[in-house]
Number of protein chains: 2
Amino acid sequence: MERRKFLSLLSLVLITFIVFIFIFDNLPSSTNFHSVNKAAVELELAQPPPRKLTRHVHVSDMASHPLDPLTVQEVNRVRSIVTTHALFKTAKKYALHSVVLEEPQKPSVLRWKEGDPLLPRKASVIARVDGGTHVMSVDLGSGRVEMVDVGEVSGYPTMTIEDMNTATFTPLESKEFNRTVVDRGVDLEDLACLPISTGWYGKKEEKRRLIKVQCYSMEDTTNFYMRPIEGLTVIVDMDTNQVVEISDNGKDIPIPKAANTEYRFAAQKNNIHHKIKPINPISIEQPKGPSFTVENGHMIKWANWEFHLKPDPRAGVIISRAMFRDPDTEELRNVMYKGMASELFVPYMDPSDAWYFKTYMDAGEYGFGLTAMPLDPLNDCPRNAYYMDGVFAAGDGRPYVRSNMVCVFESYTGDIGWRHSESPITGMEIREARPKVTLVVRMAASVANYDYIVDWEFQTDGVVKIKVGLSGILMVKATPYTNTNQVPNHDDLYGTLLSENVIGVIHDHFITFYLDMDVDGSDNSFVKVNLKRQQTSPGESPRTSYLKATRSTAKTEKDAQIKLKLYDPSEFHVINPNKKTRVGNPVGYKVVPAGTAASLLDLEDPPQKRGAFTNNQIWVTPYNRSEEWAGGLFVYQSHGEDTLATWSERDREIENKDIVLWYTLGFHHIPCQEDFPIMPTVSSSFSLKPVNFFERNPILGMPPNFEKDLPVCQAASSAS
Amino acid sequence: MERRKFLSLLSLVLITFIVFIFIFDNLPSSTNFHSVNKAAVELELAQPPPRKLTRHVHVSDMASHPLDPLTVQEVNRVRSIVTTHALFKTAKKYALHSVVLEEPQKPSVLRWKEGDPLLPRKASVIARVDGGTHVMSVDLGSGRVEMVDVGEVSGYPTMTIEDMNTATFTPLESKEFNRTVVDRGVDLEDLACLPISTGWYGKKEEKRRLIKVQCYSMEDTTNFYMRPIEGLTVIVDMDTNQVVEISDNGKDIPIPKAANTEYRFAAQKNNIHHKIKPINPISIEQPKGPSFTVENGHMIKWANWEFHLKPDPRAGVIISRAMFRDPDTEELRNVMYKGMASELFVPYMDPSDAWYFKTYMDAGEYGFGLTAMPLDPLNDCPRNAYYMDGVFAAGDGRPYVRSNMVCVFESYTGDIGWRHSESPITGMEIREARPKVTLVVRMAASVANYDYIVDWEFQTDGVVKIKVGLSGILMVKATPYTNTNQVPNHDDLYGTLLSENVIGVIHDHFITFYLDMDVDGSDNSFVKVNLKRQQTSPGESPRTSYLKATRSTAKTEKDAQIKLKLYDPSEFHVINPNKKTRVGNPVGYKVVPAGTAASLLDLEDPPQKRGAFTNNQIWVTPYNRSEEWAGGLFVYQSHGEDTLATWSERDREIENKDIVLWYTLGFHHIPCQEDFPIMPTVSSSFSLKPVNFFERNPILGMPPNFEKDLPVCQAASSAS
């Protein structure tokens, strides 16, 4: 009883505290999680000393490129403009859910050159004011606020960090909840709760901004994710901060043990192996330093590539104005105007009460950038990495800095750029090989349990490889079973028994990328190059069949709704129909899928309607400033009426127009014991590859490695 | 006239020479190519000084493991046994097409332990003697030769290097050929010819060991592949060294120009770019040296992995006895008994006279190992790589050494083994990440123009990733067209116009891997874990659908003939049904496909019958010593009656048995201008991944990188 009061008081104090701590600090360093508990404190002592992390305050940063994100000063300016606006002055309650640069119109950006005066700076603000959602265009110069009409849409904006935090406290206000927790054998001090987006399934999720809170025990482990209080779900109204409903259908399900769940290095003392030789130190070394430059904080220049890079609270990172200097003409050529992770869709495959709604859309619901935490130097990125900070706005509009949110580094794996040896057939003494060096832009979003590592890898041959790695911790389900031999029918588990009482539930991950390709200019076409078997005519050839490539240009959007087929293969080119190579091929880039997975849910299932942007692997739409987020601008609790699928259904013309390519990378994840208690990274990727974009191999002239140029290294301990 | 006589004489001298040069030398250093021409000599002068290459003579090497390849002494011993055998003593003509270790029976190898006496050494020899093919088992101890009955099969053994070389000279014996070449404007001194396997299309290719020779001009370039004398095909009998037929249907097709075809660094003087900043030196550095050891020349031990590695003339490299030390129990556990590239199938998609037969099976026709040339240190493999030589036998049975044929190195790309940060939702100060370090075994086969880079990448988390990179030079077709606007119908090119008069012909690459998995023992089963949409019952859930995984064990081979399907996805497990984890899951490994391509040729097309092992992406067969080569033991001119497809058709039982998994990695290649004059590497891969093989994440205990352990490096020029 006393404890509960204490906790309520503590919650209030902390909530008040949270409102103030977002200034000039990155969020995770604040103790804004409600469990100030003994386990964490004790374990804290065992932590290794924190590694060096350079912190920049960014108060004096100035924008220098039209696409530069809002600076600290600009966020402050937005806040002072907005909060003095009539709408806010009379408001009882408001929160800013998004404060980002309103990018200038594309033609203005394309016309802008380095040295030109900066284009007028505007901010795009999404706010909740007294229960209503407002989109505003804020002119930073004049201070003018323009209300943007986004029409009647069903969803809500991305949650604020404060929304998520508050939601995790709210259940504690309920005596019923507290009693239930104690009845399940969990000390309230050990409680850790997560805010889980509700999705939309009909009336129950309409007209109120709801979140479902589920809780865990963090007794004896920091990896509370492995200790769910199964079946206990609290529905919280995020606007009123009230408990709407508590359901508990897991009373008989034990809470899995803490044993073997800890993953931190400091807690691995017992994992010392005598028969396994440790790996000697290994490092990518660049004695003359990295070869890329970062100009004015955001322009990255490396080898033939130039592009603008910025952190974004929703997309994570945004690559803009990617251009490649043609080695033959030395001309800087446009490749992509803008590329980013647009939306994610992560449906879990368990239809039961505490699980059916877990169909996350991480970018639009949680913010793929808001959850991208500081990268760990030497482990998340190699030595010589450059770290870029994110400047975001808290719910009250104050700026805060997410340190080291993005890293940029050169990678050399030992791979080969190109090679040829003359074979014993000719016996000529030729042995030519070139090392492959790439530039990687990386961020890692920790959307609660899961970690998504997103790499944009730029190659000297013009290829851009987009790789997504999945790591972090599974979302697991508790069960009374401790061995599969107790399960009457294997298939009813909805997943794999990973440890005693722990099921890893089957789920999918889809990440849909927005790729505004501008191949040598904005007007492009989408061409399918289909390979089909041709039968030869009798007497034509000793062969009866061969493959023939047929090119067809997509006229409208529906021509470009692509499901990949192994037995009906195509290449997918974005070409510039107005520019040809010397021998007459249209210049282009192709999207090259690698391993992927398709969504198999019922098209009419509510989550699939909301995630309908995964109905195809490839889509092409005409460029439209308002169509950037594949699940819609407001995906939280949306009904799915404003997705890429609905836009594409309009079947607009896309030939020889400014077009946007969308690609969805998918994973089916049937968990296995190796994923317990933390998952080794699983990756997949796709590439954008020049196809007749260059007259010839663009890395023909690159030099090989010579011994004399490589570094001379010593072990650190033996170095002076 | 005089010139032709000179060339004939030169040929004779060279042929005689070739017979003697294979001793203790690797083939490419010999000048056994017939064009001792001015261009090559002039260009020679411009070459950079050769890089350091350690050469080992291997005369005193001794086998120490039952799977160690034949040593120099052993090859010599085989030769002396065989050539004094009755069959050879009376022979007019013979050649040894394959001299390799006859691996001891699997149970004997499995029983053998380090320190045990070596198992009896035997050689498997394939010889052509007076027009007949013989397979012999040669006991190196007793000197006994046993003739092996392989039944009535249609094909011939892998060509010898001498076969290939002789074939390229033979056309010069024909006045008609020489006249044609001169008529096409090519100086005989500039002629470069290639031996192209004929395939099998019916009677014409039966009862004679034939090869088709096509020629190129190497005037002003070493990259003669870009200068075909189009349409000129000479059929040569490889047993009699006679011209059988000359066809020329390319009289009006010009030979493409040499301009821009050269790729060697020494010839790139004009490729200096002022606006493109060169890449600073970058290197994978290991101040304390690599972490792997190579014991007795062939046992590789690294981190948790141990395996036996050997070069092979046909497969390239063979990985045997791959075992992983379980970090929880420290027990060494079996994963794979043997893994190798078994066969390739590379059909070109042009049914016309000079092209239809190009449907290479590179391992069985040319020898994937015979064509694997010395790797270039620092460019083919990074610093700290260990290089392994191949010891092979020439056609006369003498041993020769292919230096630096395989490399082994540790790779660190900056990738992440696993990670987790606590998100702003919880605010806990956790940031854990582990760098990903892998061990790579690499070889690169140069099958004439094409280069195949084959990597076996071992990961600390138990994953083995098999990656194939394609580089080298395209096989191109000459054409009168210099621009696509001259082509009446685009589709008749059978490929892409890459440069003036040069077409890159569409083709496929399939590489079929033999993977004798022994997951914790030899008796394994193949399990499909199929994901299917389930509709929920009315009222069961607000969701209407979810995915359910259903396991089914393949009883017989036909159950395991798998075509991959994006919309009917499965996981493919090789499990040990006799061993379960603590919570009752069968221990297993799964094959994880990534990007791939399927063969689409008519199943009854002769090349597809021979390459029928590509009819599925996955097959499983019961272990059978004689079923190792997916296209059959003798694929050269085979009719396709002895392939993996025919074996699998027997539909033998495969449940809880010693089974072999076969995986085919495929590429469709529609060439593009970037592939001219040499191709940037294109890669694809698949993985073998533990699935409930471990009780938990096997890299949980691995330490992060610490600054203090990393090397201290200086630029070479500034180092003392």
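Each Cβ is built from the backbone N, Cα and C atoms, and glycine gets one as well.
As annotated by TrEMBL, domain 'Copper amine oxidase N2-terminal' applies to B:65-146. Under the heading domain 'Copper amine oxidase N3-terminal', TrEMBL lists B:157-256. Annotation comment: TrEMBL describes B:283-699 as domain 'Copper amine oxidase catalytic'. Residues or ranges marked as active site, proton acceptor by TrEMBL: B:ASP362. Annotated active site, schiff-base intermediate with substrate per TrEMBL: B:TYR450, in sequence order. Annotation comment: TrEMBL describes B:TYR450 as 2',4',5'-topaquinone. Residues annotated as region 'Disordered' in TrEMBL: B:533-552. Residues or ranges marked as compositional bias 'Polar residues' by TrEMBL: B:533-544.
Across the range of the domain 'Copper amine oxidase N3-terminal' (B:157-256), the DSSP-based residue counts are 31 helix, 29 strand, 40 coil. The secondary structure of B:ASP362 (active site, proton acceptor), as reduced to three states from DSSP, is helical. According to DSSP, the domain 'Copper amine oxidase N2-terminal' (B:65-146) comprises 22 helix, 26 strand, 34 coil. In this structure the C-alpha atoms belonging to the residue listed as 'active site, schiff-base intermediate with substrate' and B:ASP362 (active site, proton acceptor) are separated by 10 Å. Residues of the compositional bias 'Polar residues' (B:533-544) grouped by DSSP class, helix first, strand second and coil last, total 0 helix, 3 strand, 9 coil. Across the domain 'Copper amine oxidase catalytic' (B:283-699), the model assigns an average pLDDT of 96.
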